[in-house]
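J.: Handing you a structure now.
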There are 2 protein chains.
Amino acid sequence: MLERTYIDDVSAEDETTTIAGHVHDTRDLGGILFVMVRDRTGTMQAVFKEDREPELFAEAEELDRETVVQLGGEVSETDQAPGGVELVPTDLTVISEAKEAPTMEISKDVDADLSTRLDNRHLDVRTPETRAVFSLRSKAMEAMKQYFYDEEFEEVDTPALSTAGAEGGADLFPVVYYDKEAYLSQSPQLYKQLLVAAGFDRLFEVGHAFRAEEFATSRHVSEIAMFDVELGYIEDHHDVMDVQEESLRAAIEAVQENAQRELELLDADPVLPEEPFPRLTFDEALDILEEEFGHFPDDPTDLDTKGERLLGEHFAEQGHPAIFVVGYPEEKFYYKQGVEGDDVASRKFDLIYRGEELSSGGQREHDVDRLIEVMEEQGVNPENFEFYLDAFRYGAPPHGGYGLGIDRLIKGLADLDNVKEAILFPRDPDRLEP
Amino acid sequence: MLERTYIDDVSAEDETTTIAGHVHDTRDLGGILFVMVRDRTGTMQAVFKEDREPELFAEAEELDRETVVQLGGEVSETDQAPGGVELVPTDLTVISEAKEAPTMEISKDVDADLSTRLDNRHLDVRTPETRAVFSLRSKAMEAMKQYFYDEEFEEVDTPALSTAGAEGGADLFPVVYYDKEAYLSQSPQLYKQLLVAAGFDRLFEVGHAFRAEEFATSRHVSEIAMFDVELGYIEDHHDVMDVQEESLRAAIEAVQENAQRELELLDADPVLPEEPFPRLTFDEALDILEEEFGHFPDDPTDLDTKGERLLGEHFAEQGHPAIFVVGYPEEKFYYKQGVEGDDVASRKFDLIYRGEELSSGGQREHDVDRLIEVMEEQGVNPENFEFYLDAFRYGAPPHGGYGLGIDRLIKGLADLDNVKEAILFPRDPDRLEP
C-alpha cells in the first residue's frame, strides 16, 4: 500500500506525517499557497511558502483540483485550519493528474439541482456531503446487521429472478430469460416464510426489490434496497415489532456514536426514539387525524401520505419520531386476521418514521386451512398459490416479519429531501443511468 | 415469544426444559415411543412411556412427522441419544399440525437426486444436512463482512438494472423497463471503480450478478452471489491479493470455530490455507501443468477447467488449497498491463481454491490516456465507454479489486459436488422456480 495516514488520524502531537488524497481546492495568496487535500475521512490544509521552498512551491502551483497527491511534511498547529492542524509539506508526489476541470462544482456548497447531481454522480460523490450520506449508510447497515447476528438471526439469500410473482400484476418488470419469461422480485416474503416454516427460525436478508410503479415522488424508486426479517415461534405481531424496534434503535445509536462527522456535514440529528415506540391501532390513528387535524384519508381502510405525515408530526412533538400503526381493517390474505379476541382486524403493522412509512409487516397466517379460507373470502384462487401453500402443509411455526426500506431509512437518518439522495445510482421511470 | 430453549443449549445439568421444533421422526417400540424433535440447532430425543403417562403417550402417538410441537419435561442423561441427553416430557403442545406427509424423505439420509431436491426445496431445506449448508453460509459471510468492516472498508450498494453493460454481449438478460430496454448487471466493477476514483478508497459490495450463459456444469448458475471488493492507494496487484488472502482466511477460521456442528453434518473439513498463498505466474502454471501432468490448455493465453483442477491438486498436496495465478498474457483493457519492469504481462490474477476459480481481480488501469491507448490496441471503441472513462479524467488513485463467487466459496467450504447445493433457490437455463 502507498504510505499515508488518514487525515482524521493526524493530530497536533504528530511531528511529521504523510497524507494522500484529491486536491479539493487551492488558494494562492501570492507567495503563499493553500492546498486543501481531501481523503475519505476529511480535508486538511497544506501550506506552501515560496520563500522557504521555491521548487516545491512551483510544483504545487501547477496542481489542478481533483489531482491525486501524496504529501509528506511537518504537522503544525493552527487555529486557521479545519481540524486545528495544517501540513507544511517537504515532499509532493503527484499520483494521478486530473486531465480536466470537473464539469460540476465539488468543493463549494453544492446547489446543483438533484437531477444534475445524479446525471453527474461520478463527480457528485466527490463532494464531502454526498460521501457523508454513503459513509453513514454503511455504518447504519453494519450496526443493523450486527444486531441480527447478535440475536442469532441467520442471513439468507434468495433470487431476484422468478416466474410471475404470486400476486402477479402490472408492477412487475419482465425479463427475457433464455426462452422463458421471468420477472424481477418485488419481495422475498414467500421465500422467507417458506424457510421459517421449514425451521430456519430467525432470518434476515438484504437485497433489492423491483417495482415498476410510475410514481414520481420524493419517496419512490424502481429498484429498492430492502432489509427483510422473518422469525418463528412468535406469540403475535408484537414480537415482530419488538425486533424491529430494537434493531432500529441499534442502528440509530451506532450512527449517533460512529457517524458524528457525517451527521455534522449533513446537519442531521437523528433522535434516538424512546422505547417502546407508540403502537396505536388504525382506529386510534384515524381519531387523531380527525380530532387534531380534521383530516380524513380518502381510503377508509388505509392511511394516505398526508395522514402518515401528520401522524409523524403529532408524535414527533411528543418525542416519538417512530410509531407503529397496527390492525388495518382490510389486509392481504397472508396476514393473520379475524382472530377471535383480537382488538384489531388484522395483525399487520406499518412503521412510520419521521412521517413516512418505513416498513410493513405483521404476523402471517401459518395455518394452511385458514389461509385457503381467507383466500376464498377475498376472491383469490388458491390454485395460483400452490408453491406458497405447500410450504405450510407440513407443519409451520407461528411466524411474522417485515420488510424495511433501507433507502427511506437513510433518507430519514440523514435528513434528506429525496430518497434518491440516499441511493448511489437510483433508478426511476426516467433514470436508468449512470 | 413462545417459551423454548434451543436444543443445542440444553445440558445434562438442566433439571427441566422446554423445547420446540418439528417432529423429525418417531419410533414406537410398543409402550415406549421415541419422538425426535428438530430445531435449528439440532435434534433431541423425547421418550414417552405408556405406563407412566398414558394420556400424554396417547397424544404423542398421534404425532405426524413435521408437526410442530412444544415439549416440556425433565432432562435425563443417557448414552443412547445424540447429545447425551433426552427429554422425559410432562407437557405436549401441538403448535402446528402437518396436514400431509412429506412427499420427499427428510429424516433419513437423503439420496434423492439434486434435481428432485431442488424441485422440492421447501422440503429439502428441512433436512439437517441442507440446513447446515446455509447455516455455514451465513456464518462464513458474517465473518467475511466483519473482516472488511474491521479493515475500514465501507459497504456500497449499486444497481442491478442498467443500460447495456459497457462490454455488451450476448450474456446479458434484457429487461422491459417501462418504455426502455434495460439489462441485468453482470458485475458492479465499473461502479466500484468510479467510487474508488472519487475517493471512496476502500469498499465492498455483496450482491447478485446475472449471466445468461448456456453452461450446464456443476460450477455455473445464471444468478450468482458476488462479494466484490475494490481499494485505492495500492502499490500493485499484490496489495489486492493480500486483502483477498486475509479475508478468505478470516472466513475459514470463523467456519472452523463457529460451524463445527455444520461441518460434522456435512463431513467437510475446510483446511485453513497457510499464508502467503502461493502466487505463481501464468508461465509457471503452464510449466507445472506440462511437467507434472503433460497437460496443455487449448487456449495458450488462459487456464482451462482441467488445468485449474490439476493445479489445485498439485498444490493441495503441498498444503496449499488456495493459490493465485498472476499475469495472464491477454487481458481486458481495464487491467493494468504492459508495465515496464513487470515480470508479468498483466496485473490480473485468479484465485484458485480447491481446484476451482473462485475470483478474478487485479490492478486496474487508472490513467485515462493509457486506458484509451490499450482500448485502441485491442480494437475497442473508447466512445462506447465514455461513462467509464469519465470517472478517471478527474484524478483517480491507483486501485484494484476482485469479485469473489460466494456460491463457489460455500461449495468449497462445505465440500459440495455442485454449486447449486450452496444456493437456496438456484437459477439456471432450465430452472426458474421454486
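For all residues, glycine too, the Cβ spot is worked out from N, Cα and C.
In TrEMBL, annotation is done automatically, which means it is predicted and not curated.
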J.: Please identify which of A:Glu274, A:Glu275, A:Glu357 is recorded by TrEMBL as part of the ATP site containing A:Arg211, A:Ala212, A:Glu213, A:Arg219, A:His220, A:Val221, A:Gly405, A:Ile406, A:Asp407, A:Arg408.
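T.: Only hit among A:Glu274, A:Glu275, A:Glu357 in TrEMBL's ATP site, alongside A:Arg211, A:Ala212, A:Glu213, A:Arg219, A:His220, A:Val221, A:Gly405, A:Ile406, A:Asp407, A:Arg408: A:Glu357.
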J.: Looking at A:189-192, A:253-256, A:277-280, A:313-316, which one does TrEMBL call region 'Aspartate'?
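T.: Spelled out, TrEMBL records region 'Aspartate' over residues A:189-192, not the other listed ranges.
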J.: So, by DSSP, how many helix, strand and coil residues make up the region 'Aspartate' (A:189-192)?
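T.: The breakdown for the region 'Aspartate' (A:189-192) reads 4 helix, 0 strand, 0 coil.
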J.: Compile a sequence-ordered list of residues in the same chain as A:Arg211 (L-aspartate binding site), six or more apart from it, whose Cβ lies below 8 A from its Cβ; state 'none' when nothing qualifies.
T.: A:Asp171, A:Gln186, A:His220, A:Ser222, A:Ile224
J.: If you measure from the Cα of A:Ile406 (ATP binding site), which of the recorded positions A:Pro82, A:Ser360, A:Arg364 is the nearest?
T.: A:Ser360
J.: On a count of neighbouring CB atoms within 10 A, which of the binding-site residues A:His220, A:Glu357, A:Ser360, A:Arg364, A:Ile406 is highest?
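T.: Neighbour-count leader: A:Arg364.
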J.: Is it possible to get the count of other C-beta atoms within 10 angstroms of the C-beta of A:Pro82 (site 'Important for tRNA non-discrimination')?
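T.: Other Cβ atoms within 10 Å of A:Pro82 (site 'Important for tRNA non-discrimination'): 13.
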J.: Please give the average pLDDT for the domain 'Aminoacyl-transfer RNA synthetases class-II family profile' (A:134-426) in this predicted model.
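T.: Looking only at the domain 'Aminoacyl-transfer RNA synthetases class-II family profile' (A:134-426), pLDDT averages out to 94.
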J.: If I take the alpha carbons of A:Glu357 (ATP binding site) and A:Arg364 (L-aspartate binding site), what is the distance between them in whole Å?
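T.: With distance taken Cα to Cα, A:Arg364 (L-aspartate binding site) is 20 Å from A:Glu357 (ATP binding site).
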J.: When you measure from the Cβ of A:Glu213 (ATP binding site), how many other Cβ atoms are you left with inside 10 Å?
T.: 13
J.: Report the nearest neighbour of A:Ser360 (L-aspartate binding site) in space among the recorded positions A:Pro82, A:Glu213, A:Arg408, comparing Cα positions.
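T.: Answer for the nearest of the recorded positions: A:Arg408.
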J.: For ATP, with binders A:Arg211, A:Ala212, A:Glu213, A:Arg219, A:His220, A:Val221, A:Glu357, A:Gly405, A:Ile406, A:Asp407, A:Arg408, what's the maximum Cα separation in whole Å?
T.: 19
